[in-house]
Ligand code: S3P
């Protein structure tokens, strides 16, 4: 997966009203965890609605390399025959996670509490991303690592022969770091404790409890959460229905809000409170979003969202909301580009270590398309108005940068071109047909002159 395919440029043109009912693919965070936890259970886990994007296929390949038997039925149902906690095999080859930061970081946790050697690598984006945030606590638990300088991929780790339970306060608001330590704790005798000062997505905690792990969560008055996990449980296989990914739904939602006359319903979206900061922000901006058919499945709230074109107003998004919408700031910038006034996004430094430096990539894309903005180390502001468009956006192997600027192009005076729509398949392979089906005008564009 690391050999990058040829770039596939795509342009978005000013489009007529978007209409219809759409269904986005399964949640990426829950999909990764379904395969991983299924691989650690004893018996057969069944998954429907799994995201079949590049990132998740990397995790499926990794879990097979660790000995799990994973199968996709003709009806799209996946089964995972797990090996049990402590039962992972040493992979015979290098584990290539492609573009998937969540995949590789959680997998490092999985492999940490067994005496096996594993070599991880990834694509041109993933090998630039920091792995020290996960490796630091894993080293405390007894893991040995040989990595490129700065703890970058490729790296080889040898899991601990006698893993040590730790109490770890997560220094950055990151569900990946929290999850890696908890997953290492699964294979560690005794109680592993993770303290997160700031609430981040809680799928690991919820799903481990569902798989039968003994996990206890205490929330302090200041919001800090102390998570205690009893090591070496027997995980029981589950039947999982993966809800629609709110981070993918964000693109048709913002598109419907900004394209005049639109009326789109996005069905079956995960409404977990740790994931819907964007919806709160858009409502504050004056968005016409109605929550319909709210229901619950597998312990998670889901709903359909009916979204109509709205006259948006700029707002200030407070820093404490960042963990609840960290992947949605790029597309919020597209909404802000047409809102009346200024939208200020504060406390977003984590955006700099995603699939690309997203503050820089968004700012460059806005600049190329005539949108007024300012950028700081940990903030971005966008002043709305007419979008000139006509710019070419460098996606830096980042799916969300590609989708953001294709959405912006739907309201721009001149088409907006992204240099590679191929990267979208990591999280949302159906993006193009789904958006075209609702009325979006996309057109293949000329490749850059070499
Ligand atoms: C994820 C956590 C977030 C998010 C990523 C998915 C997860 O990363 O950006 O897309 O599934 O745990 P961080 O934990 O690094 O913030």
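Note: Cβ is positioned from N, Cα and C throughout, glycine not excepted.
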Response to the item:
From candidates 225, 321, 400, TrEMBL puts in the same phosphoenolpyruvate site as 28, 101, 129, 176, 358 the residue 400
Worksheet, complete the sentence: Of 28, 129, 400, the binding-site residues lying within 10 angstroms (C-alpha) of residue 327 (3-phosphoshikimate binding site) are 400
Worksheet item: By CA distance, which of the binding-site residues (29, 33, 354) lies nearest to residue 129 (phosphoenolpyruvate binding site)?
Response: 354
Practice prompt. Tell me which binding-site residues (33, 129, 358, 400) have a Cβ under 6 A from ligand 1; sequence order is fine.
Written response: none
Worksheet item: Could you state the CA-to-CA distance between residue 33 (3-phosphoshikimate binding site) and residue 101 (phosphoenolpyruvate binding site) to the nearest Å?
Response: 13
Worksheet entry | binding-site residues near residue 101 (phosphoenolpyruvate binding site) (Cα-Cα within 10 Å), from 29, 174, 354 | 354
